[in-house]
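Asker: The structure that follows is given in the form of structure tokens.
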Amino acid sequence: MSATASLSRRPATPQGRDHLGRLLRIGLLPVLLLVVVAGTSLLSPYFLGWMNIVNILRMAAFLAIIACGQAMVIVAGGFDLSVGAVVALASVVTAKVMAALATSLGGPDILVVVLGVLAGLGSGFAVGLFNGLCVSRLKVSGFVVTLGTMSATAGIGLLLTNGIPVYGMPKSFIQNVGRLQFLGLPIAIYIALAIILAMAFVQRRTLFGRYVYAIGGNQEAAVVSGVPIRRHLVGTYVLSGVFAASVGILLTALVGSGQATLGGDAMMLQSIAAAVIGGVSLRGGIGRVEVVAVAALFLTILSNALNLLRIDSRLQPIFLGLIMVLAVALDEYSRRRMSSV
Amino acid sequence: MSDAPLAAAPKTAAEAPRQAERRGLAVEWLRQLALPAVLLVLLAGFGAADDRVLTGYNLLNIAQQASYLALFAMAQMVVILTRGFDLSLGPTVSMVSVAAALTMAGVGGTGGSLVPAVILGIIAGLALACACGVFNGVVVALLGVSPLVATLGSMNVAIGIATTISGGRPVQGVPAPFSEIFYSGSVFGISSAIVIACAVGLVLHLVLNRTVFGRSLYIIGTNPGAAAVAGVPVRRLLVAAYILCSALAGLGALMMTARTGSGEPNLGGTLSLQSIAAAVVGGTSLAGGRGGVVTAVLGALFITILSNGMNLTGVDGYVQMIVLGAIVILGVVIDRLSLEAR
């Protein structure tokens, strides 16, 4: 199994060329990251301040969690446009459930918090399950299905709140989840690290991870090899939904209220950008979550650096757009060169 | 495809596929008639629920609103035919709107005559749109980047340009003759937006069905490898398709700018996804090679009638988002099922 997957990922080429190609492909991101970090720390005294670093890491953690799920879906050959809307829905559902339980139950905070978090994760699970079932059972393109669920999910989130922030969550949830720090870092960062490590393990060492590569690499071949592709396709969308929901819950704890405006299109587009810059091929079958996490860190640092250097925030999307196209064009170039040898 | 020459094929063997083809055509006809039928049912239903829906005024209103979306759906359809899509369509609209308004305000505001200001504004807007199309086309066709990433990139660039050159504020000073041409004017009592959309639709229909360029787009979408082998200049035509898409979006942007009377840096908003939704609901296949002007227009009409009817019958705006999402999913599911039935 793993032999076929790695074969499809790396065409047989002479050793030297292979190294050069891989350097071209993986080498770009760390270099860009170093350039941005070095340049900004020279130009701005605030960049390497502890507060700023914590801030960067926290924002990168949110993006990395979502991008991990997005990467799994794209590796399997799919697409998830609904992640931004799921962040909003999970935020609203978590806050609503907690507020309702806190008034009706009045009981121990821990019970209220656990049930609220479960409800939030459940909403992400449900959206992911729906996406996955549509894609795997009805064989509809993931792009269109998640385009539909994006609109529907955002609508449900707004409908539940009428666009008004939801308050009334237990104080302990905000203090212990949103603003608690461990060794000077917010716990969101540890959660992100745990998820990235777990997913890196899943991709390399579990049947699910290998099957996802196989499905994305060549769906027909995977079917013929006896891979139960339906179940695994659903699995990727469910993962993506649950990860997006967990970010929604973490953001809710951070801002202290449930809001249907969290996440949104910007988060969805950034997660795709992180996955793509992180070397995930939109053709499926290629991509590592740890590289995607680095790409998420890079995007966060880039936007932070542009802010600190007082570059007009209106110009910033231009940088993001050009870097994304450049990264993928280079990737495509190196792959063509390798396969033409 | 068999290798034997057609003349040598026995008559009886040729009869069976022809029959199957005829049955396929019948199914195709049914499928094509389904959406117009649904449209009529929808109109009748909303008409029964609210008296204002079926008034002549509202029907014209629907036609006018749909003409903008139809234009964008047609633009999107051109690239979807080639297995691509254009996420930068919405921001292109914003960018063109702002650039055209700035040009017109700049040239006309100095006391000069308004006619050159309008002409220069139109040229500037369309040129910028075409530039965006060239970027998309070159990145997709020559650099081999997937359309999604390419247009996601140019989408960000276009957003940046639109907000930067306008300073994030609406651009005032759009001359009256411009609004006359693209919005308030009318031909035989029909507002110019509808006239322009119909004219563009007609021309595009002819281009797609009666020119080598148009037919080649279908071939590229159906089977890019075969198209290349058959000698179709795939790369050049792909670039042309993206330019055509952006130019149509630019035209729509000029029409919307005339309607609002100012250049708006977020005029495009959710148009990228809306235009994809309209094209897909109408029956344009994201797998490429299937669709046309009719599917784009029907999809745009469908979404417009639905939202107009829901507005008039007082359906909550948030519920409308859910309904739209459900419709998009239902549209592709039905498309998929009908494909399998064939």
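Backbone N, Cα and C define each Cβ position, glycine as well.
Keep in mind that what you see is a predicted model, and the values were worked out from it rather than measured.
Feature list, courtesy of TrEMBL:
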type	residues	note
TRANSMEM	A:23-44	transmembrane segment
TRANSMEM	A:83-104	transmembrane segment
TRANSMEM	A:110-133	transmembrane segment
TRANSMEM	A:140-160	transmembrane segment
TRANSMEM	A:180-202	transmembrane segment
TRANSMEM	A:234-255	transmembrane segment
TRANSMEM	A:267-284	transmembrane segment
TRANSMEM	A:291-309	transmembrane segment
TRANSMEM	A:315-333	transmembrane segment
Asker: For the transmembrane segment (A:291-309) and the transmembrane segment (A:234-255), does the number of C-beta pairs under 8 Å, pairs 6 or more apart in sequence, reach 3 or more?
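Answerer: Output no: the transmembrane segment (A:291-309) is apart from the transmembrane segment (A:234-255).
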Asker: For the transmembrane segment (A:234-255), give me same-chain residues lying six or more residues beyond its boundaries with a C-beta closer than 8 angstroms to one of its C-beta atoms, as numbers and ranges.
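Answerer: Non-local partners: 62, 65-66, 68-70, 72-73, 75-76, 78, 80, 82-84, 86-91, 94-95, 117, 120-129, 131-133, 135-136, 142, 169, 173-174, 177-179, 188, 191, 195, 208, 212, 262-263, 267.
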Asker: Take the transmembrane segment (A:140-160) and find every residue of the same chain, 6 or more past its ends, with a Cβ under 8 Å from one of its Cβ atoms.
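Answerer: Sequence-remote neighbours of the transmembrane segment (A:140-160) are 73, 77-82, 84-86, 88-89, 91-93, 96, 127, 130-131, 134, 237, 260, 264, 268.
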Asker: What same-chain residues lie close to the transmembrane segment (A:110-133): Cβ under 8 Å, and 6 or more beyond its ends?
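Answerer: For the transmembrane segment (A:110-133), the list is 80, 82, 85-86, 89-91, 93-95, 97-98, 101-102, 142, 145-146, 149, 153, 169-170, 172-173, 176-177, 233-246, 248-249, 252.
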Asker: Same-chain Cβ contacts of the transmembrane segment (A:315-333) under 8 Å, 6 or more residues past its ends?
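Answerer: Here the qualifying positions are 24-25, 28-29, 32, 273, 276-277, 279, 281, 299, 302-303, 306.
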